[in-house]
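What TrEMBL says about this protein:
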- ARG84, GLY116, ASP137, SER184: S-adenosyl-L-methionine binding site (BINDING)
- GLU185, GLU188, HIS189: Mg(2+) binding site (BINDING)
Amino acid sequence: MKSCRCCLKSLLCHQSTPAWWHVMPQNYCTVREINIKTETYQNTRHKQQSSFNDEEVRKFGALSDHWWARDGPYKPLHSLNRLRVPLVRDGLISTGATVSKDGRQPLEGVTILDVGCGGGILSEPLARLGASVTGLDASHKSIEAAQQHSSLDADLQGRLQYKCCDLDTFSQRLDQQYDAVVASEVLEHVDSIEAFIESCNACLKPSGSLFLTTINRTPLSFLGAIVAAEYLLRIVPVGTHTWDKFVPIEALKKLLEERGLQTRLQHGMLYAPVLDRWCWVADTSVNYALHAVNIADTSVNYALHAVNYAPESPMSPESPTSSLS
């Protein structure tokens, strides 16, 4: 008999348990304390100086042929655009980063770095809103897939470019800073959250915006994002996520604050697999989105405007700006 997880020691034979049981964290019975003990989180995780994880890069590179398959492994990311595109658009409008009067291209003149862009699922719709977008990914295969797909749309030429590089190296060789950095569904795949946030911040202009979507580290997220999504419903391939890499929202906000990034908005996100639809919710215990601003420009008091807008979701299907993929 082997000791099983979550304090059920020796009650069940380890080999007889379902497959998802084997990926359950050994200290799962104590995870309720995680969101409270953010100090412990910071002191015990992500000690490496680099955020780059070669295994994660290879994992997504192996699926590079499926980035634009609407019923493939990235199907939830396509539908997630209905939340994250308005999140970025409305967040930049709310901070005054864009003053465009063009309803079709409200982000005209804005520069955006899309970190971990993969095949360009988010980069393309942001560029269609008028932004000058740089998609960054460490996977050559993913970048090739992104370039090939964007070449099919003449309207994206000159507005969207892709670079194959890891964020840490890219941030040390900057030729420009950006009005916004977007890292959607990336944080849970890096080695060092601290290094990742610092590199993102280095890429931002003063008063620039950082947009993040990721997964909270809670018992509910283990059940929802791993047990249900990977093993039961097969929404994403088994092994896509590692629960220990999920990021407690309070710990993330503290990391941001310590690096001069002030949180302006946070939202929970809920996915309905049968409908293939995402919606905003108050509960951030599983998926959540966060918008933070670099407050290096001390003349602007963002505290007065904290969490005072909500992104529209979804965009109107009739709107020209609703081309989300």
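From the backbone N, Cα and C atoms, a Cβ is placed for every residue, glycine too.
Cα of ARG84 (S-adenosyl-L-methionine binding site) to Cα of GLU185 (Mg(2+) binding site): a distance of 11 Å. Other residues of the same chain near the Mg(2+) site, with their Cβ within 8 Å of the Cβ centroid of GLU185, GLU188, HIS189, are GLY116, VAL186, LEU187, VAL190, THR214, ILE215, HIS241, LYS245.
GLU185 (Mg(2+) binding site) sits 13 Å from ASP137 (S-adenosyl-L-methionine binding site), taking the Cα positions as reference. It is 10 Å from the Cα atom of GLY116 (S-adenosyl-L-methionine binding site) to that of HIS189 (Mg(2+) binding site). In this structure, the CA atom of HIS189 (Mg(2+) binding site) is 12 Å away from the CA atom of ASP137 (S-adenosyl-L-methionine binding site). Long-range Cβ contacts of GLU188 (Mg(2+) binding site) within its own chain (separation 6+, distance under 8 Å): THR214, ILE215, HIS241, THR242, LYS245, PHE246, VAL247. Take the binding-site residues ASP137, GLU185: by the count of other Cβ atoms within 10 Å of each Cβ, the lowest one is GLU185.
Annotation: ARG84 carries the greatest number of neighbouring Cβ atoms among the binding-site residues ARG84, HIS189 [cut-off 10 Å, Cβ to Cβ]. SER184 (S-adenosyl-L-methionine binding site) has a Cβ environment of 25 other Cβ atoms inside 10 Å.
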